[in-house]
Amino acid sequence: IMVTHKEFETAGKVPGLQVWRIENLDLKPIPKNLHGSFFTGDAYILLYTSNAPVPSYNIHMWLGDECSLDEGGAAAIFSTQLDDFMGGKPVQYRETQKFESTTFLGYFKKGITYKRGGVSSGFQHVVINDINEKRLLHVKGRRAIRATEVEMIWSSFNQGDCFIIDLGKDIYQWCGSECNRFERLKASQLAISIRDNERNGRAKLQMVEEGCEPDAVLEVLGPKTKIAPATPDDEKVETLNKKKGALYMISDASGSMREEVVAQTSPFKQAMLSHEECYILDNGMDRNIFVWKGSKANTAERKAALAAGQKFIKDRGYSDKTQIQVIPAGAETTLFKQFFSDWRDKNETTGPTKAYTMGRIAKVDQVPFDASTLHQSSTMAAQHSMVDDGSGKVQIWRVEGGAKVPVDPSNYGHFFGGDCYLILYTYNLGGRDMHIIYTWWGQKCTQDELAASAFLTVKLDDSMGGSPVQVRVTQGQEPPHLMSLFKGKPMIIHSGGTSRKGGQTQASSTRLFHIRTSSSGNTRAVLATAASLNTNDVFVLKTTSALFMWRGTGATDEEMKAAKHVEMFLGGNATPVAEGKEPADFWSALGGKAEYQTSKTLQSCIKTRLFGCSNKTGNLSVEEVPGDFTQSDLATDDVMLLDSGDQLFLWIGNDANEEERNGTPKLAKEYIETDPSGRRGIPITTIKQGAEPLTFIGWFQGWDPKMWDTDPLERIRARF
């Protein structure tokens, strides 16, 4: 008999993230703006829903270090029941504090926060705008950011890390004398997230250097004592594929679950998996266990999959921090498929190097944007606080001369990189008007405009009684809800210039717009250069005498629909151009035919992986970048490893040290030689920061060759 629950009724109905806490052995939903905060004494259930290109689901059971056996047991039961309610389609993950999967961490690009206490000790999730808040967060991590609540005393601090001193109305980011620039940058993103989400943008944020603490901090912490030296990072599980796996068939034919060896070591063959059975892939030495459910396996075996995985861990004596993935046939994850030398997905005819898919990320995409598909797929992207479908009232002002000047509604949706904008959105919730103020900062706006926009935002907020939610947005990082405000039209970003009267930059005689859809189903159009041409996307090219709409072989219908809006904006009827059938005047307008990104891997459903290689802790270690990566994830003081399936790139940051430069090529070689899938001999390309080839740039949408001309830390400080 299928068990149901009132919380299951909304599960998976819209794309995005849903989070529940186990309270009194029941499910209690967590508000969207508090996603990413976890009490260490509790257990949680998370559901991530993706719509592109076909619906897929991930269920995560998260266990805090101090959660009770009863709460952990209830979480396991609810996870299994939710999976059953959704027809056994989701992939199930067992997550433990500080040992979360990269899939889980990818939902929280700004970091996750561990808070002391739990429901049993009366701790509730933070009250929004709680000006009486007092807590100290210890921030660790360069790729996966974790902030742990610690005791508010000087002995909690050390010189090698960043700490967030949260005093409600004032938030201080304290930086130890030995913490590096990239860690400061990541801690700043988390501090900004706390201000914008937990304080609705109303707290004052300040950066404090060790030795320069203000009186307000000393009042709370008392007289300063000696700060402890830097401590090494917690032991990390190497994320390179360094260990082999073993494959077992599990069955309850005898009345109790038993296991039978299928293969002692990887790589395996896909034919070893029968759809009438369930299997355990044992990668326990890497703290990973996979339970694969055949589509025709009996119901009892399928429902017992998670329990079988937990029993397997206990019987083998593996760490209780071991991750479990329960995978239904057809929803195999990247980490699972890498153990098979001949894996092919349904309808796939390419070799195993093309099989790097991941349920959550269905295409290679880096956060493009558009509004129309949000309405069509009724996207309510929970992880981006989609409060509604964007059909409310919109007012936009441009910051000019220290004041806000109304933007002509006919120009709504166009944003210029030399401007700052205030967007007021009003919608109705339960008969009451609710408000959001988006403050959008162009990458080429002046410091004066940045300062004026912050002042004008507060002034507008005050004029409305302090009720609006404030969201600060940097060009290129637009949340889906902001993109949904333009009545089905795409949000078009002009890389520079300004929309102000008489000050608008003269449009170039030749313009190329790059249109790409992201994993969340959003599409954006950005002004691009000829080097951006990419087989996976759509481009609209405008010249003095012609208009072309170029479709790469891997482009989607959604991208073509968005391109139609760009065509209307540019005027005229575009000549459709298919990749490989370009007329001569198309290439001449681009300055002649040149090399562009044509990797076949781009056209298949793949998961490209990015790793950071660093010896900042004393030993050369490797850590995967979670979630959809962007150019800003390339740490200039590290060496990065990009695995595109059929090629490996080593990117050397300008500030990487000698040990990282010299040691990473050996790591890359070991990475390929120990790949569980048996991949061998793929090319390894070494490139230096500032001299990236198109074959590398093509994996990063909206690549900015001038990104590192200004200090990223200074850019993010401007958002304080």
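Easy rule for this one: first residue shown is 1, then count along the chain.
The backbone N, Cα and C atoms fix where each Cβ goes, glycine too.
Any TrEMBL annotation is an automated prediction that lacks curation.
TrEMBL lists 27-105, 145-216, 262-336, 404-483, 525-571, 622-697 with the feature domain 'Gelsolin-like'.
Only pairs six or more apart in sequence are counted, and the domain 'Gelsolin-like' (145-216) with the domain 'Gelsolin-like' (27-105) gives three or more Cβ pairs under 8 Å, enough to call it a contact. Mean predicted confidence for the domain 'Gelsolin-like' (262-336): the pLDDT average there is 89.
Broken down by DSSP into helix, strand and coil, the domain 'Gelsolin-like' (145-216) contains 23 helix, 23 strand, 26 coil.
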